[in-house]
């Protein structure tokens, strides 16, 4: 394994001589092996290594023992070790992230903190081939073009992943062979819904019925697609510079040049433009990009088109401008709610987050003002939107149906605030007037199989 | 649905006025709807429609009734109908194809026959959005870069797929609404291992746990990737023409120009070169392409490198040549056996095909000279290869182990023929000396859960 590790480092230029390297260490087999491998080549490359561990405070005792173990392991190898503590669960809830996302955010925050403190230039993290395969599957199922299917790279900015091409099994063997006794991260085995389902159910299923080497296969796919992605990026950059003029808060598109570009490049130019103006692509879907491409291609001078994120595009003869519109209040909105994915509601500057939780987790919590539980099997397609004319619902505890308008009047909600109240609907039936009242639909029962928790987080 | 259909036809230029169109009609909801939709727009486009049906002779009575139904349906609409009959199961076995592949080959053979006979220019087939999603999943699991993940297109050569963006559910509703009473293809529900597993198990599973709109999601992904693929194709074509000189049976590569190309383009140029010389890419894996790219990049004049398919590449100063080597006999070979996939063994010009079959199918058949059954659960990674020094095996019915060499001597197989006998191995243990003797390993027992049938087909 050491040989493969060295080969990867050489092939992808991951480490330079005399460098300082920060290593993220959870205490599990992956990161402990990574640390040990780096330690092994310490003299060859004359590198200085710094361990960083985040005690996530989940399952108190075990998390503390993880931190203890990492600290001792580093001390034994005379590697400086930075241990931070933070309640990841609390943090994630507050920020409307999943536990996994929240943990990731915090870890990287501390990695970069140490990076700056010690003057390092690299952060080594311990994702392996199995992780990569899982990432591929996850992204494929969520719907990603080659942007997502290129998955994780060996190197990206300061981050390096020197054991990305090594199987989890090999890593475990390495730990045994060197008597490293890593900790087993219990959170991995239970609480992270999506990734664990992929690891423990989906991959074994695919492996049994379709492709026994599914992990290696997906890993190879990610490598191929990453090359393609890099090539496309270069093409896009070249075209973007030719076609787009950036100004403060807006871009100006040279129509003639834009129309000469291939559709695959046009799509990416549009995304780059929106990234420039808004710094993210939330709520921008394929169909919006398509519309805009058509618009740039054919619309007459003077035409305008509305886009999500409060953007507007207008034609001025041979130029097309994209910029922020001035006022967005009281606009209708509608977003599909996806389980396990935090959805940003631009109009409210808030997030809606739906997740499947266990009966235990449900019992130990309560429905709250911005936190509500439903019987997932009784829901259909979920959306979050603001009110529509004619909305009715069945407030829990009340007999029959009530017009939403009447409910708002009873609740003395001012007219101009009513459009800013998020409403959770299943198909088109109201489940929850967020912050106010739930309907009797989808109530959790004793025998409910799967429980959906929906949270709303105001930024 | 008619509206969407018309929109698709317009957007992708599928049909021109005054055309003749051949329509593949199985008699199922998809093809019957397609035929009916085309009939509906017959006058608008002034098209002439020809139905083609293949009676696959599987489950005799039902297949005959399908053919009967299609014939009557066409007659009612005054559409000329061509019905062909062929035993697809027999054909597929003979050719070493899966039932699905064999059926596909035959259908297209007859589609083109009618196309030529009536002077049509288009063949309309009835794949839908659900089929596309299944194709995506299948290819993703098998391991495909964007070449495969672009999936099926609305139009490719003579083939058009006008209902590719319509859900199966919608199609069924359409049939109901118009009282079309399509036939249900029973073979869909049972015998086609891979696709049905995807349809009936995997997609429902993903849909429940990860993404309820998985089909639409995958469909969108295929559209995005197809655009990227088209763009890349254009780039490759341009570079290929600049870098490659084709001669009879070989290509000559301009090294300097090749090395200037992006890796993503280099990979594809190499594949195009091999396609030119060999007309297929069987047995060419990612690693071979990588090796060759490195070789072209760095090897000194005079160096050579061997590739699969009996290819050789050699450097002549600033040029690199790829061509067929003269003699390939007695070369070692080794191919992984994949369930449900016909593997071509170039060295023998034959195929090996492994599939999972039911206990019934097993009972009604026999182990044959080129047809053998195993307990799938007792096998490990399967390969087909020729003999290696030191090979041993446990012939069924014999006590203990025998050297393969001794077995060959006992069987009086001439020395120079021994390397041309395919051997099925599980990891590195011999399961079957194809055409001769099986080992006692992996014997099917009464309680075997899954039975593997391996067939060898000599072209």
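Including glycine, each Cβ sits where the backbone N, Cα and C put it.
So that you can see what the record holds, here are the features copied from TrEMBL:
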type    : residues                           : note
BINDING : A:26, A:27, A:28, A:29, A:30, A:31 : ATP binding site
DOMAIN  : A:382-454                          : domain 'Lysidine-tRNA(Ile) synthetase C-terminal'
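Looking just at the domain 'Lysidine-tRNA(Ile) synthetase C-terminal' (A:382-454), the mean pLDDT is 89. It is A:28, among the binding-site residues A:28, A:29, whose Cβ has the fewest other Cβ atoms within 10 Å in the structure shown.
Most buried of the binding-site residues A:26, A:31, judged by other Cβ atoms within 10 Å, is A:31. The number of other Cβ atoms within 10 Å of the Cβ belonging to residue A:27 (ATP binding site), over all protein chains shown, comes to 24.
All protein chains shown were included, and the count of other CB atoms within 10 Å of the CB of residue A:30 (ATP binding site) stands at 26.
For the domain 'Lysidine-tRNA(Ile) synthetase C-terminal' (A:382-454), the number of residues in each DSSP class (helix H, G, I; strand E, B; coil) is 13 helix, 25 strand, 35 coil.
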